[in-house]
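Features reported for this protein in TrEMBL:
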BINDING   A:Cys96, A:Cys99, A:Cys136, A:Cys139  Zn(2+) binding site
BINDING   A:His128  Fe cation binding site
Number of protein chains: 2
Amino acid sequence: MIDDKLQIAIETLKKSGVRITPQRHAVLEYLLTSMSHPTADEIYKALEGKFPNMSVATVYNNLRILREIGLVRELTYGDDSSRFDSNMNDHYHIICEDCGKIVDFHYPTLDEIESLAEKVSGFEISHHRMELYGKCHECSKVKVQ
Amino acid sequence: MIDDKLQIAIETLKKSGVRITPQRHAVLEYLLTSMSHPTADEIYKALEGKFPNMSVATVYNNLRILREIGLVRELTYGDDSSRFDSNMNDHYHIICEDCGKIVDFHYPTLDEIESLAEKVSGFEISHHRMELYGKCHECSKVKVQ
DNA sequence: CTCTATGCAAACGGTTTGCACGCGG
DNA sequence: CCGCGTGCAAACCGTTTGCATAGAG
């Protein structure tokens, strides 16, 4: 399952003429395995056991390459670190304002809104993004009063 | 019109016990007058004629205070600078991917989506944001082929 | 063997902070 | 005249870049 996705991703890398280094493989595997939406630094820390000498720059470089090839999406929220998502299907995100957890939210794409926006603004709309903010179940429980 | 808004804003400042310095007044006035959604640096540059010695820090400090009081909203997109919006009514934004222009987009708040997201995720949703991306009329004209 | 990827450190850019002085109320 | 706000410079932090070396194909 994950292995299938990994094999397909590696095929895509090969087709694009991108070398499969151990570090790159590890970053990719981590993104595909991880159910979270990790930051570059989280990936860096998660892999430092396996690659004690790997530099953050390598993580960033690989994330950029994976993004350019279309294997990974970069999620940018505010001033904080970018987060990376290997789920390339259209979906929205729900973000916990307390703990920062991000969960996927599947909902039909808001095409009508794009059409209306085109009409009223004169823009050629290419895509949109939406995030919902709130408190996750765990964080809601914490401060009861 | 703008003057009314400015007067109301200044009242809010006074009520909050925030001093009205010339620099703060100027930042506030610029935000209310500006139809764009300026960055801190744009505000800084726009006012350096009137305040040649003003520092960026002062702009940032004042923007933070205005935000905390609820007179201004901070728009954070990706890694770029934050932009500031004195229109506190609920609205969405349409952003030109070429020139960066931001225009307001009024559309009924997507309450049903918030409700559904609460149900499927178990989060307590407090709000959401949405931006539409595309090319504005001017930028569409430029590269025809 | 070639050329890309890596590791390291320095650079970068937006934003924040510490501190002494200035000025609003 | 008290204390917040300002200006200045340094600090910060995520990210990028330059460069010499290592290693994938």
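Placement of Cβ uses the backbone N, Cα and C atoms for every residue, glycine included.
In sequence order, the binding-site residues near chain B (CB to CB under 8 A) are A:Cys96, out of A:Cys96, A:Cys99, A:Cys139. Here A:Cys99 (Zn(2+) binding site) comes close to A:Cys136, A:Glu138, A:Cys139: these same-chain residues lie at least six apart in sequence, with C-beta atoms under 8 angstroms from its C-beta. Residues near A:Cys96 (Zn(2+) binding site) in space but far in sequence (CB under 8 A, at least 6 apart, same chain), listed by position: A:Ile102, A:Gly134, A:Lys135, A:Cys136, A:Cys139. Neighbour count (other Cβ atoms within 10 Å of the Cβ, all protein chains): 21 for A:Cys136 (Zn(2+) binding site). Each of the binding-site residues A:His128, A:Cys139 was scored by the number of other CB atoms within 10 A of its CB, and the lowest score belongs to A:Cys139. In the three-state DSSP scheme, A:Cys99 (Zn(2+) binding site) is classed as coil. Following the DSSP three-state reduction, the secondary structure of A:His128 (Fe cation binding site) is strand.
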